[in-house]
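Participant: For reference, TrEMBL lists these features for the protein:
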| type | residues | note |
| --- | --- | --- |
| DOMAIN | 1-201 | domain 'Cytochrome b/b6 N-terminal region profile' |
| TRANSMEM | 24-48 | transmembrane segment |
| TRANSMEM | 76-97 | transmembrane segment |
| TRANSMEM | 109-129 | transmembrane segment |
| TRANSMEM | 170-191 | transmembrane segment |
| DOMAIN | 201-368 | domain 'Cytochrome b/b6 C-terminal region profile' |
| TRANSMEM | 211-232 | transmembrane segment |
| TRANSMEM | 278-296 | transmembrane segment |
| TRANSMEM | 317-334 | transmembrane segment |
| TRANSMEM | 340-359 | transmembrane segment |
Amino acid sequence: MKVYFVLLMKSHLQPYPCPLQINFFWNLGFLLGVAIMLQIITGIFLALHYTSDLNSAYYQIFFLIREVYYGRCLRYFHSAGASFVFLFLFLHLGRAIFYGSYFYSSSTWFSGILLLFFLMAIAFMGYVLPFGQMSFWGATVITNLLSPFPSLVEWICGGYCVHCPTLKRFFLFHFIFPFLLCGFLFLHLFYLHFLSSNNPLRNSTNNKIPFFPFIFLKDFFGLILILCLYFLQTHFHVSSLSHPDNALEASALLTPLHIVPEWYFLCQYAMLKAVPNKNAGFIVLLTSIFALFYFGEIRNLTTFCLLNNNSFSISKSYFFLLVLTFLWIGAQFPQEKFLSYARILTLYYYFLLMCILFSKKKKKKKKK
């Protein structure tokens, strides 16, 4: 059994054929996998020092930072690592949409979107665990979105508000879900190696090179880069990726001036603010993410050429105008002008999705 496992790993690492034309954008998946593994390892060590109690969770974090040997590096290595995970995730997802990876392998695409959902759930629950001011109110806002389903709120929170049972359940789910994530991660890699990768030229993949040493060297340099970014963040800008209000202890009697999530949730938060009705906003938030599943059903040459032609107008507008502008609007105060921008961009987002999902295939003329 051990010999078979070694041969299986060797066949998927050393002679595994990769397209000759792939560039450094195809190394983002490896960097994402490394970031996830680092999060799991540091999370296990953090769990040894964490107490999921309402009265001691906040002070336990500061005890870890100030009293535990290298506890400060461990804590910020994990908290800043979440931002790196989503940075590589968004770049990896953007590359897949930009080069039409969903067109070649729907199974790989579906497993990747499931990974996205798992990572979003894990990140949200992990953000609540330090129980700072922004963590508490962010959890309150998200759980209040489920208020039309009181039984669901009671099951998730252990009551009708964020309290001690909520913290215990979030800590349990935050610890278990990463191991379930590993299962989907291996499934994603299985489909990738079974169906092979696409390439930037979107042509035949007959010209292939072995994974080792050509692709391995690119991944190795990427590993050095990610480690340098981690250490720069943890040693010089430890809190620059977190909101300053989260350094304060949670208080149910003091509402922050502006409740804002972490930067990787700002796009969904901007859509949520754009809709005046709470229930309708929650539906828009969910459908904006679930719509990504439909990309895997595209087997349409017209749609494929629409997103991946040499004229990158729609692709550039999709990535830079929508995503970057949503990130900027989500971080702003809920003033009327920003809400108007968010509504226009939300409509534009769904308009592009409708163009992609419902474009008709051109029929080929039969030769007489």
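Just so you know, glycine gets a Cβ as well, placed from its N, Cα and C.
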Participant: For the domain 'Cytochrome b/b6 C-terminal region profile' (201-368), what is the mean per-residue pLDDT, to the nearest integer?
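Facilitator: Averaged over the domain 'Cytochrome b/b6 C-terminal region profile' (201-368), per-residue pLDDT gives 76.
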Participant: State the non-local partners of the transmembrane segment (211-232) in its own chain: residues 6+ outside its ends, Cβ under 8 Å from one of its Cβ atoms.
Facilitator: 13-18, 22, 24, 27, 30-31, 34-35, 38, 77, 80-81, 84
